[in-house]
Amino acid sequence: IGALRWHFLLQSLEDLQKNLCQLGSCLLVIQGEYEPVLRDHVQKWNITQVTLDAEMEPFYKEMEANIRRLGDELGFEVLSLVGHSLYDTKRILDLNGGAPPLTYKRFLHILSLLGDPEVPVRNLRAEDFQRCRAPDPGLAECYRVPLPVDLKIPLKNLSPWRGGETEGLQRLEQHLMDQGWVASFTKPRTIPNSLLPSTTGLSPYFSMGCLSVRTFFYRLSNIYAQAKHHSLPPVSLQGQLLWREFFYTVASATPNFTKMAGNPICLQISWYEDAERLHKWKTAQTGFPWIDAIMTQLRQEGWIHHLARHAVACFLTRGDLWISWEEGMKVFEELLLDADYSINAGNWMWLSASAFFHQYTRIFCPVRFGKRTDPEGQYIRKYLPILKNFPSKYIYEPWTASEEEQKQAGCIIGQDYPFPMVNHKEASDHNLQLMKQVREEQHR
């Protein structure tokens with residue numbers, strides 16, 4: 001993971017440590033491979049129970065199996081609870097009759113049979129820790145939350161997003177105060193290039209476990225119950241939580257979910273391998289200001305609007321560059337604060353039209369899409385200051401300005417900022433024919 005996510009994680013642990021200290025408890029952070037760490041500390045501290053989240057990812061499934069084996073060997077109980085998701089994905093899959101295919105419509109039908117998710121466990125209180133013995137200061141210092149310098153993580157370019165439950169709860173309360181906005185929220189109407197998030201911006205806090213997704217679900221239910229009218233899934237705020245749940249469920253039952261090869265739900269496509277073009281996309285050097293502004297925000301802040309994600313993902317894959325979604329997924333995994341195994345891979349398959357999404361003829365234009373919601377180009381001016389002096393009519397297509405106008409703007413295209421790396425119309429038309437051909441062949 002990248003430096004921004006490391007900072008977010010360490011801030012989250014510091015916040016947890018502070019909140020536990022206020023309850024008379026303490027967080028001890030142990031570093032190392034989990035098996036030798038457990039083997040050593042179970043005996044050293046006489047541990048009788050190990051608890052963990054019931055996970056869906058292959059690495060953590062294997063880890064849980066290994067920990068259960070260790071528990072049998074060393075004599076400690078293993079308690080695995082569904083905490084990171086709304087529902088137990090195994091129950092959903094059982095009701096679906098086993099493994100995928102599982103459509104979103106079928107998924108919602110199964111949820112209607114299950115009813116609402118379990119009510120979240122109440123917050124811990126001081127009296128819950130009355131029987132806890134605070135560790136001695138020497139132990140607490142030995143197992144303190146590591147600092148970025150301890151892990152050789154660079155301090156420059158810190159994200160404006162701060163990790164931790166305290167910050168996450170503040171953001172939650174701030175958004176829920178506007179009950180009209182909550183009730184009427186529809187995902188497609190949010191603005192991809194607004195300078196401040198036009199969605200809740202809570203995804204990093206759910207991803208890192210700073211906020212309970214069930215708390216959010218039930219707070220939304222209370223607001224919906226008091227509203228005369230409210231939006232519905234899949235576009236409502238609760239609908240966004242259910243999309244998250246859908247990807248978790250499918251990922252948990254799909255082999256090789258983060259790869260194309262050996263993935264039974266994924267189209268097998270001969271994508272181009274082009275390291276130079278991939279590098280230009282990753283480093284915001286495509287020559288399309290809106291695409292480059294999005295990739296710059298991603299690198300600087302670790303978060304971009306979901307429609308902005310759609311735009312850069314389409315550009316990399318079926319829209320313009322015809323480069324594998326796996327490569328884009330790896331970049332997002334490194335740079336996004338809310339990077340998530342299931343959701344990241346699921347969305348990349350969706351946006352590359354490799355799985356789930358079949359309206360593959362809809363291709364995002366790297367010029368018109370951004371211009372529609374931000375005609376003055378304020379978003380581009382913020383994240384690509386080299387272009388800030390261009391008149392609005394050129395800000396999305398600076399290469400169309402005359403040489404004299406480029407000089408007046410203080411930016412010569414091809415020298416200070418690159419020319420577009422592709423002709424969008426020609427590339428997208430060509431790629432559309434490739435996609436039609438692939439789909440027809442594999443359908444046969």
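Yeah, the Cβs are placed from backbone N, Cα and C, and that goes for glycine too.
Per TrEMBL, domain 'Photolyase/cryptochrome alpha/beta' is recorded for 1-86.
Annotation comment: TrEMBL describes 199-203, 240-247, 338-340 as FAD binding site. Here the Cβ of SER203 (FAD binding site) has 21 other Cβ atoms within 10 Å, regardless of which shown protein chain they belong to.
Per TrEMBL, the feature site 'Electron transfer via tryptophanyl radical' maps to TRP271 (among others). Shown in sequence order, THR317, TRP322, ILE323, SER324, TRP325 are the residues of the chain, 6+ apart in sequence, with a C-beta less than 8 angstroms from the C-beta of TRP271 (site 'Electron transfer via tryptophanyl radical').
Sequence annotations record features per position, and here TrEMBL assigns site 'Electron transfer via tryptophanyl radical' to TRP325 (among others). Taking the Cβ of TRP325 (site 'Electron transfer via tryptophanyl radical') as centre and 10 Å as the limit, one finds 26 other Cβ atoms among all the protein chains shown.
Same-chain residues at least 6 positions away in sequence with a Cβ under 8 Å from that of TRP348 (site 'Electron transfer via tryptophanyl radical') are, in sequence order, ALA313, THR317, TRP325, GLU326, GLY328, MET329, PHE332, SER354. TrEMBL lists TRP348 (among others) with the feature site 'Electron transfer via tryptophanyl radical'.
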Rounded mean pLDDT for the residues that make up the domain 'Photolyase/cryptochrome alpha/beta' (1-86):
93
For the domain 'Photolyase/cryptochrome alpha/beta' (1-86), DSSP counts of helix, strand and coil?
49 helix, 10 strand, 27 coil
Among TRP243, PHE247, the most crowded of the binding-site residues [Cβ within 10 Å]:
PHE247
